[in-house]
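Asker: Before I ask anything, let me first share the structure, which is written out below as structure tokens.
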């Protein structure tokens, strides 16, 4: 614990009534990772059964990615918006503990920074539901939205001075590591979707000649 009774950075961050984290890192990450694996596996199995062999393995994997994305944004992130007292609750639930843990990588969540709150509103309200509806054109649009959101997230971190993680471990594991998938995968999806959209337009042009 720092001098202000919490483990977050900067140490002078004021968090009145802070209740220390009760769940370990493993107890927090195991349910999240397990749910993610089940979501991707479920999408893979269902798409294989319902697709009748017409859906490619790549598309089945992407379905798993979109289910995982929607689940993360809607189920795991939305409690953050509606529990502003998650740091001071005497009987914290799993989601309270999860954001206490994640705040070690980005204490703007602990202080409820307005830029982070705004990004979460957009992420939960728009990108989460859209992920459930993703097809090629919508995949392209949602992927661009994810890239734009990540860009804003990292830019605001830079403008805030890059001084809100507990240690290099939390910086690389949470701030960089847990967010990198929403940069790398949407980039690949946007590129793939754009190629398919372009091919469809070209095919349509040939038909109309």
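Backbone N, Cα and C atoms are what each Cβ position is placed from, and that goes for glycine too.
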Asker: Give the range, chosen from 7-27, 28-48, that TrEMBL lists as transmembrane segment.
Answerer: 28-48
Asker: Restricting attention to the domain 'EXPERA' (58-190), give the mean pLDDT.
Answerer: 90
